[in-house]
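**Q** Got a structure here, written out as structure tokens. Questions coming.
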């Protein structure tokens, strides 16, 4: 724990220095390949900083924040494609670069955030973690299904925590939502494009999808975007497992890219023909979509995570965190009552 706290301090200081350099370079060089080349000293270290941590959780979270999102944001900065801009104040530039947030000006129509859903998700995750002490008795596919729920809850809580932390550096701005009830998705296009992990969608759309769509068309752009997502997930899995990539998670995303492209084509063809694709009720569509996600996840997404026991280490870290929170809560209650 002490080593990771020290690493967290060093990584935070390093990221601040790298982003200060990136902002300075962006003010001095015009958008284009020259700026991209000048930003490489800021981009390259971001791939190695997550390896500073011994905790799988910290490696995975920092890998997602830095080696994926921050790298893509700096690449977009190279061509003035947002969300970063050298005209931003440094505290705002640093917050947007280092955290999975996307800002928008505050308006009267924006509702204040509700913290009750986050509290409920935290409670559900704590209950889920308590069940893992019996995981040896669970059927394999039931355990993987529980992992799906765990990933959703933990990612939601991590993004919510990042958003809460980011509000301190984004005075005068509001944060865009990071997901929209993905468990209600009625199609793959709905899940990947409109509901799940919108921060990644917002980064891949301008950096991969839109440029390729303009040149090669929608289907090729969809496939390429899912391929890039798969390759980045291979990197994230490396931070988690410390094992060489197997290609399985890339196949998972390429498969979903192909299915999404077919789905979009069928909908467009039906619309052009003046009819509709096969009509299915929203409830049935949701069950089929989530079933396909889970089934392909059991086949291709989870094996690299469970093959070398990394999932067990993650669960042990979760249990240790729960014990720390439990002891801390008792100490705080004792101080309050006494």
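Including glycine, each Cβ sits where the backbone N, Cα and C put it.
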**Q** Can you say which of 32-53, 186-207 is given as transmembrane segment in TrEMBL?
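**A** Based on what TrEMBL states, transmembrane segment spans 32-53.
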**Q** Per DSSP, how many helix, strand and coil residues does the domain 'Wax synthase' (177-254) have?
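**A** Taking each residue of the domain 'Wax synthase' (177-254) in turn, the totals are 61 helix, 0 strand, 17 coil.
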**Q** To what whole number does the mean pLDDT across the domain 'Wax synthase' (177-254) round?
**A** 93
**Q** How about the transmembrane segment (7-26) and the transmembrane segment (246-266): at least 3 CB pairs under 8 Å, pairs 6 or more apart in sequence, or not?
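**A** As far as Cβ distances go (cut-off 8 Å, pairs 6 or more apart), the transmembrane segment (7-26) and the transmembrane segment (246-266) do not touch.
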**Q** Near the transmembrane segment (246-266), which residues from the same chain, at least 6 beyond its ends, have a CB less than 8 A from one of its CBs?
**A** 187-189, 192-193, 218-219, 222-223, 225-227, 229-231, 233-234, 237, 277, 292, 296-297, 299-301, 303-304
